[in-house]
Amino acid sequence: MDVADPQPLGLFPEGELMSVGMDTFIHRIDSTEVIYQPRRKRAKLIGKYLMGDLLGEGSYGKVKEVLDSETLCRRAVKILKKKKLRRIPNGEANVKKEIQLLRRLRHRNVIQLVDVLYNEEKQKMYMVMEYCVCGMQEMLDSVPEKRFPVCQAHGYFRQLIDGLEYLHSQGIVHKDIKPGNLLLTTNGTLKISDLGVAEALHPFAVDDTCRTSQGSPAFQPPEIANGLDTFSGFKVDIWSAGVTLYNITTGLYPFEGDNIYKLFENIGRGDFTIPCDCAPPLSDLLRGMLEYEPAKRFSIRQIRQHSWFRKKHPLAEALVPIPPSPDTKDRWRSMTVVPYLEDLHGRAEEEEDEDLFDIEDGIIYTQDFTVPGQVLEEEVGQNGQSHSLPKAVCVNGTEPQLSSKVKPEGRPGAANPARKVCSSNKIRRLSACKQQ
């Protein structure tokens with residue numbers, strides 16, 4: 001009998017079964033031949049937004065991709081937990097300040113706040129913002145040189161100055177300009193983000209004097225490194241923009257140190273060198289923006305009039321492309337909400353269960369991004385007309401402005417037909433959007 005030929009167990013005598021070997025009737029397979037079925041992604045709705053995958057995570061919270069189910073616009077949501085914010089110095093105050101600042105800013109080079117939602121039960125806040133495909137720091141880290149070609153750096157720097165000039169015109173000092181806070185859209189538009197440590201000057205302030213700073217150490221000017229009590233806020237942003245320009249054109253930093261004390265000591269002295277391969281006009285601009293004395297430091301007007309800023313630079317090197325997604329290695333950065341959208345529609349047609357997807361209850365929808373808990377009354381103008389100030393238009397979905405939805409008690413399911421109707425409406429709305 002050939003051992004290689006499988007035989008029924010009953011044909012082997014009891015004493016010969018072990019000598020034949022287990023390989024006779026159990027076929028070994030290689031692990032590469034096993035196909036693992038990935039876990040099905042479960043759709044989750046936060047208000048009208050369908051949640052996607054994680055885009056990034058910082059000290060304040062996570063950032064995920066979302067899809068607006070009404071407009072089909074691709075958005076990003078910053079998820080903030082109140083419990084986590086309490087552990088960060090000035091965490092809650094910084095978030096509240098950022099919302100108050102972003103709600104009144106409208107510029108193509110400043111990130112736009114689209115919506116704010118708050119879950120009182122879970123103590124979570126959702127800041128919905130326009131979607132940016134990549135960050136400048138991520139692009140720099142994707143190439144060995146850690147820098148951009150001069151032509152590409154020039155285009156980004158011009159947009160940075162445009163956005164910075166707008167912020168200063170609104171009386172806002174950013175205080176933390178750096179590549180990590182500069183985002184990019186698919187068409188290369190730069191967006192200044194993260195206004196958590198920014199400061200809004202008083203409308204009747206005589207100058208731009210500031211007294212506090214919480215920016216990144218490597219981008220701070222000498223006046224802050226030396227511990228001055230007061231300093232010019234706008235000149236702080238000019239210095240940080242100069243360090244950013246130095247970094248994206250050389251791949252280096254003008255000041256470095258083994259620790260923050262050594263770093264501030266080097267910044268406080270103000271001595272730095274510029275690589276010899278930098279063109280003279282660029283070197284002159286960098287020295288003007290990184291001037292030790294704030295009074296002699298370039299203003300935005302002087303930057304705009306500089307020859308390097310006004311010059312059209314030829315494309316001498318290949319541009320740095322947007323890198324593939326770090327998790328999925330997707331070079332096109334496709335929408336991560338698609339699997340959740342497919343799961344939502346597919347299961348909606350097959351099943352009549354309420355648990356098709358997760359729905360966050362207790363959401364406070366805010367209009368014009370009113371900070372949760374803030375109550376504003378109508379303001380009457382001099383002409384007698386009332387101007388409605390921002391206020392929450394829906395608390396737990398019970399206000400008449402939106403479709404009524406009373407939060408039920410108990411587990412959703414067949415015992416709660418009202419919830420089933422509400423969920424079906426959401427599914428039909430998303431299905432209609434998909435067909436369009």
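Backbone N, Cα and C define each Cβ position, glycine as well.
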Binding-site annotation, Swiss-Prot, ATP: partner of LEU55, GLY56, GLU57, GLY58, SER59, TYR60, GLY61, LYS62, VAL63 in LYS41, LYS44, LYS48, LYS78: LYS78
Annotation match for phosphoserine in Swiss-Prot, from SER31, SER283: SER31
Cβ-based neighbourhood (8 Å from the centroid) of the ATP site, residues LEU55, GLY56, GLU57, GLY58, SER59, TYR60, GLY61, LYS62, VAL63, LYS78 excluded: ILE79
Least buried by Cβ count (within 10 Å) of the recorded positions GLU57, ASP176: GLU57
Residue pair SER325 (phosphoserine), THR189 (phosphothreonine) - Cα distance, angstrom, rounded: 19
Using Cα positions only, nearest of the binding-site residues to LYS97 (N6-acetyllysine) (GLU57, GLY61, VAL63): GLY61
C-alpha spacing of ASP176 (active site, proton acceptor) relative to LYS96 (N6-acetyllysine), in angstrom: 17
Winner by Cβ contact number (other Cβ atoms within 10 Å) across the binding-site residues LEU55, VAL63: LEU55
